[in-house]
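Okay, so here's the structure we're looking at.
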Amino acid sequence: MSMLAERRRKQKWAVDPQNTAWSNDDSKFGQRMLEKMGWSKGKGLGAQEQGATDHIKVQVKNNHLGLGATINNEDNWIAHQDDFNQLLAELNTCHGQETTDSSDKKEKKSFSLEEKSKISKNRVHYMKFTKGKDLSSRSKTDLDCIFGKRQSKKTPEGDASPSTPEENETTTTSAFTIQEYFAKRMAALKNKPQVPVPGSDISETQVERKRGKKRNKEATGKDVESYLQPKAKRHTEGKPERAEAQERVAKKKSAPAEEQLRGPCWDQSSKASAQDAGDHVQPPEGRDFTLKPKKRRGKKKLQKPVEIAEDATLEETLVKKKKKKDSK
């Protein structure tokens, strides 16, 4: 099977992948030759018959590890490094490369990269740059942690004495539950006298300023609303007497205009129809109904002189016709 990250590949499956037909065949040339030399089934190969008795089986390897390595071996890389170092030490002792002098008697000359950079003529000394690369200032435990070396000497467990309790220590046990304890503490905190904080006066003044700002905003909002209302409503809300006087003046102005429009042909029937129309159109209860005076347009004013001029021309034509008849 191909993994998700791998490319596709075709696989051919044989009828007998383990090759059991060959292993079970006793008439093989190699097996007959070994049996003549004294070998029999169940014995291993070799002079002392210490070889493998089973057939070699093919195993699929899908990782990049070495032969015989498993994933669990990766976790023990520090132990592998220790084993490798021990092997190198044994090889050195066998070949005589290790000196007999102990490390305690040796006086190792420490090489400080930081001091060398200070002494050098060139401008190389940068504090963080040199200090980070200088390992002479590091301790042995730090180096072991960096390079992954395990400590060979283990601290004896028996030497560690258990911590003895002090003689002056006192332990108190209470019968209260956790909820009762915290309720008691909260009651004690509430009963404590509250000390006035000097910053509280400042906070109160700030709150008062904010309240004053809110009031000013509300007042300005009301002024804007009253300004946006129509003028007739504003007058009527505050002064009802003045509104009534304005209605009377409007009625007086509309009366002569209605008489002019009626003319001499106005009958009682038209008055009755007007009264009927007035009866039909009644204001709803609880509301004032004011008749707005009708505004006359400029075109209507021009209509009257035109009609008068037409009447004059008709009279002139009639007079001329009468004169002609009389002359004849």
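Cβ atoms here come from the backbone N, Cα and C positions, even for glycine.
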Completion exercise
Between the ranges 1-28, 29-56, 113-140, Swiss-Prot assigns region 'Disordered' to 1-28
Practice task
Check the region 'Telomerase inhibitory domain (TID)' (254-328) for me and report the mean pLDDT.
Solution key: 58
Completion exercise
Across the domain 'G-patch' (26-72), DSSP yields 10 helix, 0 strand, 37 coil
